[in-house]
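Q: Look at TrEMBL and you will find 1-10 tagged as compositional bias 'Low complexity'. The annotation compositional bias 'Pro residues' is assigned in TrEMBL to 11-20. Annotation source TrEMBL lists compositional bias 'Basic residues' at 27-36. Residues or ranges marked as compositional bias 'Basic and acidic residues' by TrEMBL: 379-390. The feature domain 'DUF7928' is assigned by TrEMBL to 120-306. According to TrEMBL, the feature region 'Disordered' maps to 1-49, 75-94, 379-404. The transmembrane segment feature in TrEMBL is assigned to 450-471, 483-504, 892-913, 925-946, 966-989, 1018-1035, 1055-1078.
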C-alpha cells in the first residue's frame, strides 16, 4: 500500500507534543522498542522529551529530540523477566540492563518508527486499521514526524514467533534427549509484533500486553461506542453482557491484558476507556471488529436508560486493582478437578437483574461479579435471545423436533408417520431445580428391552426348532448319537441372535413408534437442556483432550484445532473457560522441522501438550496394541501430578514473579516422572495452565469438527443429571477426498449412527465410541483402576483394543449412566477411512477387541478357562439385561461374518461328498437367502421408511440413496470374512498383531503404485481364494472319480462359495478408487 493510499490513515497522527520533530530524513526501517509497560504517564509540557512507564523508561536523546537517525539514540531501561523460555524442567534467566540501540533497519519490539519501505505486513496493518478505526477518520491531518495521538487506537500484527531453543542432551544434565527441542513457557515472549500507527509511544503498553497474550493480531479500539459502553460499567463490575450470549471481560488497565481469558477474543479496559480485540488469524480481525461495533451500538441503544451517573468510570483504587489482579490470576488459572471455574459469585436473574457479591474461598481470594441491567426490560432482553436460548420445556419434556406438517389422519389416535407435537405447558421452576442440582426426571423408554426380548426369543425358537428335528428323527430310528449335535446349539444361538435382533429391529422401523426419537429419555437426549441460571452463572472448566500421532499439521490437526477454538470462544463469551490438552505421540518421532512447526503452532494457540519417548527408545515401552489408551494415560498421569504439586505450592505461598504456579508445578511433575523412570525417559510438556483437567473432558480425534455452541449444553446436562458420566454425541462425517469409497463409508457411518440414535431413543443403553463425547472427570477417576502390570493408577485400559468399551463398562458397573445426544444435529463431524486398507484394519481391530472381551487366548485356557474374566463380569453385572443382549449380539456378529468363508467351504464339501446329512444341518444357501432378505432387503426398506417417517427425507430420495450403495456393500461385507478370521485367530493364538494409525489426509496414487500394494496387503486372501477356485475346478473335472465329483450345475453348493471367493478377490480392486480410474 502506498503512502497516499487513503486519506483516512493517520500514519503519523498528531498527539501530545512530547517531542519536537523538525522535518528531517525519516528512519529507513521499522524499529521496535521492547517494553513490559504497566501504567502509562504522559508529560503535560510540550517541551518534554521523556516517556515513562512502570517497568520502562524511554529517553529520547539528542539536542532537538527529532527522531532523525543521524543523531538520535534510544536508551531503554528494562527490567527483564526470568520466566523460563524453554519448556518443562528448563529455566533461563537474564539480568537487568540497559540496551543502547541505534535505530536502523533492525526490527525491535515496541514503538514502530515510520518508514517508506513498506512490505506485506504494512499493507495488512493499513487495511485493518482503516476497517477497524472508524473514529480515526475525524482526526486532524498528521504533520510529518509527529508523535501519534494517544487518544487513537492501533493495530498490532505478529511478524514472527518465538523460536524454540535446542536443548542439551542427557550428558549435560536434566534436559530433554539430545537434539530435541521443547517450547518456551506458556507465552511466546520472543514473538515480535509490528504496530500501526507508527511513531506511537502510547502503543508501547498495548504492544507489550499483546506480545504476552500472543495472538496473531490485535486491535485497540478507542471509539465513541467503546467509551459509551465503558460508561455503563460500575467499578465493581468485571464483565459486560453486550448481548444475551456474549459476555466480555472488563480489565482495569492494559497491563492486566496478559491475564485475560484469551478465548473471549476481546476485553474492555477501564482507563483509558478502550476495547482490545484479538484473533488467532489475521483475516478475522476486521470482521471481529465490525461484529463488536454492531453489538456495542445495539447494547448502548438497548441500555440507554441505565447509564451510570458518572460518564466514565473512575480509575480503580488500590483495593479494586488488587481484586482485579486476583480475578485475572484466577481466570488464567484453570479450575482443578472438582472446582468450578466461576464467572460470577451469585446468580444473575433470568432478565439480568444485579446479584449480590459473594465470597469465594478457592484460593482465599474475593471475586465480585455483578451485572447491572436494572432497566433492561423483559421484552428487550428476549429480542436478544437467539433461537437456541428460547425457553423450552426442559430436558424432561416431550418436545418434538419434527418439522411442521399437515396433521395426518390417525387410527384410534395412532399415526404411522410422526406428527408435529405441540409443546406442553411446563411447571419447571429453574430456581428450585438450581437448589436441588437436578433437572426433571428422565423417563425410561421400554421399547428397546421389548425388541431385545423378542429378538432373543426368536433366536431361542430357531435353536429349539433344531432340537425338535433331532427328537423327530430319534423317534423314527431311536439313534441317540445324533444328540451329540446339540453341542453346537450355544454357537448357533450366539451367531443367530444378531440376525434375529436385526429382523425385529427392521420391522420396528416400518411399523413401530418413532415419536420417542424427538424426546428426551434416560439414555437419550434429543432436546437441548434449557437455560439454568445455577449453572450458566457458574460454568465449569472444560478440557478438550486430543490424542495425535504423526498426522499432518496443516491438513488434519489445524482444521480440528480451529474448529475447537471457535467453540472455546463461544463458551468463553458465555462465561466459561476451556483449554486444549493434546497428547502428542508423534512429537519425539517426527523431523526437527516438523517438530518446531508443531511447537510454534501449539504456543500460538495456547495449547497444553505432553509427549512421551518413542516405542523401544532407550528401553521405553508404549503399551497396547493400539497406543491411544496409553498415550492418554501418560498425559493424564502428568496432569494429576501437576495438581498434586500445585496444591503444595499454593499451600506454601510460592511466588509467581518468575513463573506462574502451574508451570512450576508442571516442572516438578516432569521431574517426578523422570525420576520414576530411573532418570532415563524425560517427558516433554508445555503450558501447565492448559494441562490442568477441568470438570468435563471433551474427547476428540485429530480429525474432528465440533459445533460452535456445544460446551454450555454439556455443562447444563451434566449439572442436571449428576449420574451421567458420558454424553456421546451423534457424529456426522467430515469428508476430505470425496471419491466413491469415502462416499460409501460416509453413507454407512451416517446410517449406523442414525440406527444407534433410534435404538437409544427406544431405551437402549448408549454406547461410547471413544470420541466426540463429554466425560465427567470425577466419574472417570472413580472408574480408574490399578494396572496389575505396573501397579499404576490408570483411567484407560492399555491391555484392550476396545478401551472405550472397557471404560463404559466400568462406569456402568459404578452406577453411572451413559447418554446419547442428537441435539447437535450433525455439528460434530469425524473423519472416515479413505482407503479400503484402513477400513479393513478398523474392522480387524473391532474383531480383535471383541474376541479379547469374550475369550482368553488358547495358552490360558488350562488356567482360566476359555471365557474371559471381563465377559463373566459383564454377564453377571448389574447392567440391564437388554444391554447385555444387545452388546453380546454385536460382538457375536463378527464371528458370523468371519465364519462365512470356512462355513461355505465346509458346506461345499459336506453336501457335495457326504451321501446324506442330518436334517439338523442348515444349508449355506438357506442362510444366504435369509441374510439377503433381512439385511439388503428388509434393512434398506426399513431404514428408508424410518427416514421418511421422521420427516428427514423424501421417501423416493431415501430409497434411491439406500439402493445405490447395495453393490458397494456386497463387495465390502462379502470380502471381510478372511480378514476378520485372521484377527480373531491372532488373538486366540497370542499372535502379536498391530495396526498403524489411520491415514487422515488424501494421498493421491496411481495404478502402478496400487498394484504392488494390493498384492502385499491381500496376498493371504488371494492365495486362499485361488486355492478354493482350483479346488472347485478340479472337483468338477474328470481328474477325480465320478462319485467324488461336485457338478457345476449344483448351484446350491457353488453359488455361496463362489460369492465368497469372488467378493474377496474383487474387494481390493473394485473398492480402490485410484486403481479403478486407471491413472498412471
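Note: Cβ is positioned from N, Cα and C throughout, glycine not excepted.
Note that the coordinates shown come from a computational prediction; the quantities given were computed from them, not determined experimentally.
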Q: So what's near the transmembrane segment (925-946) in sequence-distant terms, Cβ-Cβ under 8 Å and 6+ beyond its ends?
A: 499, 502-503, 505-510, 514, 751, 754-755, 758, 903, 955, 958-959, 962-963, 966, 969-970, 1052-1053, 1055-1056, 1059
Q: Calculate the per-residue pLDDT averaged over the domain 'DUF7928' (120-306) and state the result as an integer.
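A: Computed over the domain 'DUF7928' (120-306), the mean pLDDT is 77 on the 0 to 100 scale.
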Q: For the transmembrane segment (450-471), what are the same-chain contacts with Cβ under 8 Å, counting residues 6+ beyond its ends?
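A: For the transmembrane segment (450-471), the list is 482-483, 485-486, 489, 492-493, 496-497, 499-501, 503-505, 508, 512, 762, 764, 881-882, 885-886, 889, 918-920, 922.
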Q: Counting Cβ pairs under 8 Å that are 6 or more apart in sequence, does the total for the transmembrane segment (1055-1078) and the transmembrane segment (892-913) reach three or more?
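A: Between the transmembrane segment (1055-1078) and the transmembrane segment (892-913), contact is present.
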Q: Could you name the stretch, out of 483-504, 892-913, 1018-1035, with the greatest number of CB pairs under 8 A to the transmembrane segment (966-989)?
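A: That would be 892-913.
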